[in-house]
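Here is what Swiss-Prot records for this protein:
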- 1-53: region 'Disordered' (REGION)
- Gly268, Ile288, Leu297: S-adenosyl-L-methionine binding site (BINDING)
Amino acid sequence: MAGNSQRRGAVRKPGTKKGPTVGSGGVRRRGLEGKGATPPAEQRTKHPAAKRAAVQRKIADAKQRRLKQGDEAEMVLGRNPVLECLRTGVPATALYVAVGADNDERLTESVALAADAGIAILEVPRPDLDRMSTNGLHQGLALQIPPYKYAHPDDLLARARAEAQPALLVALDNISDPRNLGAIVRSVAAFGGHGVVIPQRRSASVTAVAWRTSAGAAARLPVARATNLTRTLKDWQDKGITIVGLDAGGDTELDNLDGVGDIAVVVGSEGKGLSQLVRKTCDAVVSIPMAGPVESLNASVAAGVVLAEIARQRR
């Protein structure tokens, strides 16, 4: 007979497949059927993989918080930003160059400056550089900046005491722009200040942008972080430091400020000004008299004006 109809096993013997139980309507059998696709192990709360995934999420969240606080290495991307960092002496640990990157004057100078500074120069495949820069626009060049090593607020006062000079300190309140931070650091260094203190939270950090704006002053002037800025200011008051706030609505004009003694200038943001607690802590709040219709100055410009006046009085 044609075909495989006579092959042993080709025809199921009667009674080999049990149907639904008579009288049950197949309910008990259907109850054993699956309830859909099994979710991934990471989504099953009691599975070890889910616990591991939860731990990894916590680690990632913590890392993200540290990144926001400037406690992690930073990647500067692009040929112009990288070259500017190297020209201004921003400390770096590695210069990454993509394999096959188009050579131009910026790339050549960046490699030369990195070599002169003893910075490691690493040639990496472009996909690796894409991954390292989280697919940012790197133009085949990236510079790794180590996290800034902040001083303690007490170190700033100790530095002033060691130089046997009246202390000149600057505290920043609500300053979120790293360019303002860098410009203020530059002014403090230019006018003989002993350091800058910033809050640990809700403040700009010493990033590559701040480094570049400071024109290298961040390498010479210590920047400290205060867990609680108000508490730090009160501690300085107890040690004989006059706390002077800088605000457009201040009750004392800059012309009447006595800047000869130990002083700490607190600079608020152009928009928010000084926070309420910091303002209450100040011994005086100074304003800068202006002849024109401008109501306020940029925070870094205002800080420079006050520091220049204090330096003039001390000469």
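The backbone N, Cα and C atoms fix where each Cβ goes, glycine too.
Locations of recorded Swiss-Prot features on the structure.
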residue: Gly268; record: S-adenosyl-L-methionine binding site; DSSP class: strand
residue: Ile288; record: S-adenosyl-L-methionine binding site; DSSP class: coil
residue: Leu297; record: S-adenosyl-L-methionine binding site; DSSP class: coil
Other than Gly268, Ile288, Leu297 themselves, what residues in this chain have Cβ atoms within 8 Å of the centroid of the S-adenosyl-L-methionine site's Cβ atoms? Leu246, Asp247, Ala248, Val267, Glu270, Ser287, Ser296, Asn298, Ala299, Val301, Ala302, Ala303, Val305, Val306
Those residues of the chain, 6+ apart, with a Cβ under 8 Å from that of Gly268 (S-adenosyl-L-methionine binding site): Asp173, Asn174, Ile175, Gly245, Leu246, Asp247, Leu274, Ser275, Val278, Ala299
The number of other Cβ atoms within 10 Å of the Cβ of Leu297 (S-adenosyl-L-methionine binding site), counted over all protein chains shown, is 16
In Å, how large is the greatest distance between any two Cα atoms among Gly268, Ile288, Leu297, the listed binders of S-adenosyl-L-methionine? 13
